[in-house]
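This is the structure I have questions about; it appears just below.
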Amino acid sequence: MFSLISTVIDTTKPPPPHFVWPHPQSIELLPQFFTINPNQFQIIVDSACDTLTSAIARYNPSRLFIQDCSQMDSSFNGTNFHTETLNLRSDSNHLGELRNLTLLFTGECERYPYFGMVERYYLKVDCEQGAFVFGESIWGALRGLETFSQLLVHVGVDQFVLHTARIHDYPRYSHRGLLIDTSRHFLPKKQILKTIDAMEMNKLNVLHWHMTDDQSFPFESETFPQLSRKGSYHASTHVYKAKDIGDIIEYARLRAVRIIPEFDSPGHTFSWGLGYPQLITACYDEQNQIKGGLLDPTSAVTYSFIRKLFLEIAEKFPDKYFHLGGDEVEDDCWAANINITSFMNRTNMTDDYERLQGFYVGQLVKIANHLNRSSIVWQEVLNSIGDDLPKDVLVQIWIEWPSVDLRWRDAIGNATAAGYKVLLSAPWYLDHISATVDWRRFYEEDPEDFDGTEQQRKLVIGGEACMWGEFTDASNLISKTWPRASAVAERLWSSKALNDSEKAIPRFREHGCRMRRNGLRVGPADGPGYCACDVAM
C-alpha cells in the first residue's frame, strides 16, 4: 500500500484500508473489518433534506462502489482487475456483512453553503453499531460521506471491505478555495462541473470564478447585453447564460461548494469598453489611437453602470461575497486624460493615483454593502487605500516577487497587523508549471508562516489555489489542476503539523488514482508511476 498500486490480491487476509485525503484531524483504523455487497447496501438518513437525498443518489452506488476501471468509460471492455473472491473463513477479524450506513446531522437543512458553515463530522464503524456518519450540520454530513467513500476497498466482484474506524474531523480554515479564469479561455459548463466534482472529493468549499478580464466578457447580462455581445469571444457559444450560472450554482450547492464571482476592475476591463465605450478612460498612444482598458473612476456614469450590474450579479449569485478585483492598475492612461487629472486636482489627489484607485474601490464597496454583499479585494487595494479600507473587506494576498523583495509573508503580516482578514494565494499559483514535482512545494507552504502575533494569525481565514487561464482551457483544466490542487486542499483542511511532503507521497499517489477511478482525467501525481485505471483513460 505504500508503493505503487498493485493488482495482486492476497486472499488470506483483507487488504489494508485506503488512505483518506485530506487527512482527518483524528483517525483510528483498526484491524477488524466488514464486507459489503453493493447490491445489499443502503444509506439511511433520518431527515428529508434535498441536499442529502441528492448526495445519497450520487454516492450509492456509483461513488462508493467502483468495481473496476471499465466503469469510467462505457466503451472500455478490458479486464476486471479485481476478480478473485476474498477468502474470509479463517480470519477472526471479519465482522460479517455490513448492510447500512446511517447518516445523521444536527441543525436545519440549510439551503446554501456560506462562510463559516460548520463542516465538523464524526465517523464511526464498529462491531456493535455498524457504520455511522454524524455531521454537526448538513455540510459536515456531506464531508463525512466523502470520507466514508474513501475508506472502502474493492476486493472482488460485488465485494468490498470496510475496516472499523473512528474519525473526528473538521477543517482548519473556513475558506478553502480554487480560482478558475473564464476570460483568457472560455471554460464550458461541463468542465466547471467536473471541477466542482473534484473539489468535493478534496473538501474544497469555494469556487472563485474570475469571470471577466481584458480578453473577454462571457457573462451574458440582461441589463447590459452589449457586454457579452461585443466583449465575449462569441456571443452565442462562448457566454454563460442565466440558466448556465443557475445550473452551476445548484450543482455546487449540493456539494457544499460556494460560488464567489469576480468582475475585476478598474483595470482588466478592456472587454467592458467594447460594448460600452463610455465607461473607459479615453487616452491615446503615439499614433493617436485609443488605448488602455481602465474604467473612468471620476465619472458618475461608471458608478451608475456598476450599481445596476452589481444588482444583476447579486440576483444571480446568492453568496454573501463579491470579489471586486482591484489588481494591476496601470495608471498611465489616467495620467494622460485631462478630465481625470482635473478631477484629481480639485479633490487634492494631485499625482496620487493610488488614492484615486482607493476612491474608486471605496465606492464599489459601498455599492456592494447596499446590496447586502461583503467584498474581497486583491492586495494592491489595501496598499492604495490603507486604513480607509473597511475592516470587513477580505484581502487576498497574491504577489510573490522575491526579485523585487515583494514577499507574501511580509504582505500577510502587514495586512493582519492592520486588522484585516486575509486569504492566501501567493504560493499556490497552479498555472506556474515547474519542471520539478511542484505539489510538494505547495504542500509545505503554510498560511500562518509569517512574523506576527497569535491574534494576527487568527485573521488568516484560509486561502485559494489559482488556475489562471492564459494557457488553460477545456482540454487541460482538470489535468493541470488536479491532483496538484489536492496538496493545497490538505494544507487548508488538515492539521498544521501535517506538513511533510515525503511522508504524504503514498497518500497523494493513491488519491490521484482515486480521482481517476471516479472519472476525472487528472494529471500524473508524483513523477513516474501508474494507476490501474490508466488503460481506461
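From the backbone N, Cα and C atoms, a Cβ is placed for every residue, glycine too.
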So Cys109 is in a disulfide according to TrEMBL. Which of these is its partner: Cys49, Cys69, Cys127?
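Among Cys49, Cys69, Cys127, the record in TrEMBL lists Cys49 as the disulfide partner of Cys109.
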How many neighbouring Cβ atoms, not counting its own, are there within 10 Å of the Cβ of Cys333 (disulfide bond)?
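Excluding its own Cβ, Cys333 (disulfide bond) sees 22 Cβ atoms within 10 Å.
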With DSSP helix as H/G/I and strand as E/B, how many residues of the domain 'Beta-hexosaminidase eukaryotic type N-terminal' (20-151) fall in helix, strand and coil?
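DSSP classes over the domain 'Beta-hexosaminidase eukaryotic type N-terminal' (20-151) add up to 35 helix, 37 strand, 60 coil.
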Just to confirm: which same-chain residues, 6+ apart in sequence, have a Cβ under 8 Å from the Cβ of Cys49 (disulfide bond)?
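When sequence neighbours closer than 6 are ignored, Cys49 (disulfide bond) has Phe105, Cys109, Ile138 within Cβ distance under 8 Å.
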Have a look around Cys513 (disulfide bond) and count the other CB atoms within 10 A of its CB, chains all included.
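If we count other Cβ atoms within 10 Å of Cys513 (disulfide bond), we arrive at 21.
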In Å, rounded, how far does the Cα of Glu328 (active site, proton donor) sit from the Cα of Cys283 (disulfide bond)?
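Just about 18 Å between their Cα atoms.
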Identify which of the disulfide-bonded residues Cys109, Cys283, Cys531 has its Cβ surrounded by the largest number of other Cβ atoms within 10 Å, counting every protein chain shown.
Cys531
Between the Cα atoms of Cys333 (disulfide bond) and Cys513 (disulfide bond), what distance do you get, rounded to the nearest Å?
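Cα-Cα distance, Cys333 (disulfide bond) to Cys513 (disulfide bond): 50 Å.
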